[in-house]
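K.L.:
I'd like to ask you about the structure that follows.
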Amino acid sequence: MTSGRSLDTRAVHAGRDDLVDHGVHAVPIDLSTTYPSRDTAGEAARLDTLATGEQVPGMPIYGRIGNPTVGRFEDALAELEGCEAAVAFASGMAALSACLLAGVAAGKAHVVALRPLYGTSDHLLSAGLLGTTVTWVNTAGEIAGALRPGTAFVIVETPANPTLAEVDLRALAEACGDVPLLVDNTFATPVLQRPAELGASIVLHSATKFLGGHGDVLGGVVACAENHARTLRQIRLATGAVLHPLSGYLLLRGLSTLPVRVRAASATAAELASRLVSHAGVTGVSYPALAANRPARQMTGGGALLSFEVAGDPHAVLGAVRVITPAVSLGSVDSLIQHPGALSHRVVDPADRALGGIGERLLRLSVGLEDVEDLWNDLDQALKAGAG
Ligand SMILES: *Cc1c(COP(=O)(O)O)cnc(C)c1O
């Protein structure tokens, strides 16, 4: 019904199709932890089905099994990513944990991972905290050779956090064969890149970032085939890392402005990246649109993140910004800058950080919706302050 509509239209309407019939305009927030019913026998039958991860009509019986407001966000995100289903979690890390636990439960406790990944994702895999083992590779070409019969999935980020390195997803999906490819699409968002259309089977987001977009909600979501979504719902039901209904409401609201926010921030980021290339205080800039040999037609824009190496003291630069906020995280309406080696990727072993291209002079900038000249002036004065 909605498949012919553009992404911008779907971002505004997905998950809200029934509102007119209910006679409301804003999405209702359902804070119930339990759902009363006098038909206990009927509920028993529904519970048997819900316990398998399958969704059934009617209320979800208990708040850990499901929530109508969160369900709207899941439906909308699945639609935007072009997947059958989506399952929301309390954070991006809870979403990744559920994917790993699904592998373990199926007797597949091994994953293949391409560096760099988000620092805590790297740590969760490296430390084997959920009983999984990992084979790390530094180039996409090594992935096919690292696959084993017990490999649950291959995980990549593109563009990667924090180096903005890109991987050709079509080629990679082919190299993975029958092994599912999990793409962390947090940086690109479905506005710029839809991994499922390129062959990925699992698309993961830290919804905390662009999907929420305002720095006020933690969440995670996995878009995938309905079959796999059932396993993830089973795990979420039993382990409890559910998304709060208010967060579901905020994330659904965030989706409606996602295309506009991402394109505006992306245009500003592209302009800042091209100016930084010739700044005396900068020795190197990573921004997808600047890189040579990019995967063809994979992203429809460079995105809102860029990273750069500074000539002077990176910590002094962070201390000097005034418009830009010195803080971890990304994807907010306001610009955020941070030092990956000190913060987002601190948990990664220093040698592995170096291998992944995360140097001590690297800064990562998440561009928001401020005016480009105000951001440029702030960066320029901070870089001069950092030069000492
Ligand atoms: C932040 C982030 C995560 C983790 O998400 P949380 O919501 O903080 O748990 C995972 N992947 C990427 C690329 C991220 O930037």
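Yeah, the Cβs are placed from backbone N, Cα and C, and that goes for glycine too.
Per TrEMBL, N6-(pyridoxal phosphate)lysine is recorded for K209.
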K.L.:
Could you check what DSSP calls K209 (N6-(pyridoxal phosphate)lysine) once collapsed to helix, strand or coil?
P.N.:
coil
K.L.:
Non-local Cβ contacts of K209 (N6-(pyridoxal phosphate)lysine) (under 8 Å, 6 or more apart, same chain)?
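P.N.:
For K209 (N6-(pyridoxal phosphate)lysine), the qualifying residues are G92, T186, F187, S329, L330, G331, S332.
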